[in-house]
């Protein structure tokens, strides 16, 4: 790869549901496998007014369904770096990713720090085991019936879509491509990030147990904290307000902003005991 970002159309990749040109910081939001930018509409609405969400639309879905999907985390990250260049050239950019999006956010942050000398304001990784752990099992290689059973198990997709053959025909290719990207991603050890990292997870997530999410602490030399919420892999769906408050507070505190609502990173619950996970080294 060259040091120069790809030439991509930011308008295709980035959706600004609540534009805030004078925001203190912008948070790039990267969706899960099969997800889209619209998943973050509520997220964008609930964030602190000084934090603007830039929601990423991967190719191969919704208004980009005619485009081929990208099937690797690294390729997705390269395109996100290029699409967000107008904002990271200004500074004041942070990243949030859920599941597949967490891996893409991590790789994007690594490219910015190591190739472009840009330190993100923060990295927020949700519902994803640390990249240094063993790869996921290869769900994307299952037949349709077994693949859909796995989708149902995670409870993140409206059952009406899974029972509609026409809709399935439209969304299955993107789902499989995204799962392939997530499951074939191999972490290549390199210098740690220096930006603050906050890991978020549901306390009953079968794909991202809390002890494995906590291993994200090994991937930054900067501040780290872990926040657990009640729920499974898609714990976000019922707790947008609390999650947005926690992220806004953490982001504004780590930036030293005077209008943050709290002065400490949030506390997480692990195995029933309250523990703080800031710089646990």
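Glycine residues also receive a Cβ, built from the backbone N, Cα and C atoms like all the rest.
The active site, nucleophile annotation in Swiss-Prot covers 99, and the record cites a curator's inference as its basis. On its own chain, residue 99 (active site, nucleophile) has 32, 33, 126, 127, 128, 182, 207, 208, 233 as residues at least 6 apart in sequence with a Cβ closer than 8 Å to its own Cβ.
Under the heading active site, proton acceptor, Swiss-Prot lists 233, citing a curator's inference as support. In the shown protein chains, 23 other C-beta atoms lie within 10 A of the C-beta of residue 233 (active site, proton acceptor).
Per Swiss-Prot, the feature region 'Thioesterase' maps to 26-249; the stated evidence is a curator's inference.
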